Structures are given as C-alpha cells and as structure tokens.
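Reading through the structure tokens given below for one structure.
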Amino acid sequence: MIKQRTLKNIIRATGVGLHSGEKVYLTLKPAPVDTGIVFCRTDLDPVVEIPARAENVGETTMSTTLVKGDVKVDTVEHLLSAMAGLGIDNAYVELSASEVPIMDGSAGPFVFLIQSAGLQEQEAAKKFIRIKREVSVEEGDKRAVFVPFDGFKVSFEIDFDHPVFRGRTQQASVDFSSTSFVKEVSRARTFGFMRDIEYLRSQNLALGGSVENAIVVDENRVLNEDGLRYEDEFVKHKILDAIGDLYLLGNSLIGEFRGFKSGHALNNQLLRTLIADKDAWEVVTFEDARTAPISYMRPAAAV
C-alpha cells in the first residue's frame, strides 16, 4: 500500500517575508492521518488555523495567499511545492507572522528542512486525485489545463520579450516519473525585474526582496553575481510555483498540468473549475504499490 506521510520530527527555521520584510519564525510539525497541510498563525490569540485548500485562497497578487476572515498567510506556494515534491500529506506549519519566509527564493531550503525532520509513513492509504478528462481555463492569452496522464507531469511556457529571456529556454516539461523534483526543480528561484521593484515597494510589496532571495533582472542582464542555477531557471521556477499551487487540491495529482503564461490567479481558477466538475476527477488509492504511477513509489528524496 502507498501510505500517507508526515514528518518524523519537529523542525524550525527563521527567515524574512518577501513582501513584508518582517522576520518570521517557522515551525513544521507532524500531523495525524487525513489532516492535510494546515497553516497556523501562532502570533495570534487564539491561534488561527487555515487549511491549505484551494477554496481558502483569497489573494493571488504576486503570490498565493490563504485567507480566513481577516487573517492571512502569504506566499505559501514554495513551501507547498516542497511538501508536494517530497510527498508530505499531513503537517502543521506554524508561523509567527502573516507570511511564509522567502528563504533563498526557491523550495530548496524547505526541502532541506523536511528531509532533516525525516519522513514518517502513516497507517492509512495515500489519496491521489486522478484527472479523468481535460479541464481548462483561459484569461486573455494565458491558459492553464489539466489533462489525463498516468503519472505526474508539469509543462510550462513563459513568454517574456526581454533580452535576458530571448536567448533562453522559455518552455519546460517535467515528468516526475523520470525526473527528480529535488534536483531539477526545487532550487529554481523566484525572479523579478528592477523596473518593477520600486513600484512594488510603493505598494508595500517586495520589501524583503534582494539578490539573496530572488533572481533580479535589469534591462539587459541578470544582476546576481553567481548567475543562474539552471539554464532554464526562470521557467523551472514557474513549474515550482505551479506544483505548490496545485497542492492546494489537498492531495497528490495523477495527471498533467500545462500552463502558458499562467500565474497564481489562473492556477487557482483551474483548481476551482476542476473541483466543481465532479466527473473530471476521482480519488484513488493504491493497495499494491506496484500498480501505482512510478513517481509515487518511493520518497522523492531518494529519486
């Protein structure tokens, strides 16, 4: 049987919020079977818990934000991407502020934290959402689509008319049965343009942003001294973001996601469209691990 997974131990980290610039204390804790991923604002009294579910997404400007009443948790997508990539079904995420720390702008530090805490299998079958037929959403020239696929695959295309992007790969497709999330996707950092940063800061966004936690691009070059981690780091980060956004379904996916210029808003719209279309998906478990799509047969850390 493919079993649900949680963390073996509690683990803590400290960082800053990308948009708030505030110091944030993060604690990842094991959670019981069928809990899902739950964000907990421990700076509030009483503590407010917000499950990482598509219906709890309230804002999608620059990041994915979970909302419950007037309480928010910003920038959840990179941590959720790491949880998805390592197959963590159940965990509590305690935060001392309204934003998940940005760390280095990728999912790499979260992967390291989760691997350091250890993975613990639980005595219950892991539930997967299997895509049964195509579901798509569009907005202008942006598009996001789910199609049936026996495994988990994410394809993405960006389209920036900019000197830094023109000579680079702007399309990537990752089949996780043959590609390691940890090695090929998790270290791709978020990126931003110098020309946008002043405006963002005037809107109280990107206050914690720097070359320490993002790829910063000016009119014709990458400003980070060390350059890029992957030749296609820009589009790989969009894949990383999409994996985090898709994990708001609450379960691992069996299917393919295709995005063209999609962002957090369209990704969430696709999830809501899928959830509402009950004939387009089903929940499945695997009593015999040998019958499962290969990408889920062992911890991603070992791939």
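Any Cβ shown, glycine's included, is placed from N, Cα and C.
If you check Swiss-Prot, you get these features:
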BINDING   HIS78, HIS237, ASP241  Zn(2+) binding site
ACT_SITE  HIS264  active site, proton donor
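Here the recorded positions are HIS237, HIS264, and the one whose Cβ sees the fewest other Cβ atoms within 10 Å is HIS264. Around ASP241 (Zn(2+) binding site), taking its Cβ as the centre, 25 other Cβ atoms fall within 10 Å, counting all chains. Other Cβ atoms within 10 Å of the Cβ of HIS78 (Zn(2+) binding site), summed over all protein chains shown, number 32. Only ASP241, from the binding-site residues HIS78, HIS237, ASP241, place their Cα within 10 Å of the Cα belonging to the residue listed as 'active site, proton donor'. What surrounds the Zn(2+) site, by Cβ distance within 8 Å of the Cβ centroid and not counting HIS78, HIS237, ASP241, is the set GLU77, SER81, GLY105, SER106, ALA107, ALA188, ARG189, THR190, LYS238, ILE239, LEU240, GLY244 from the same chain.
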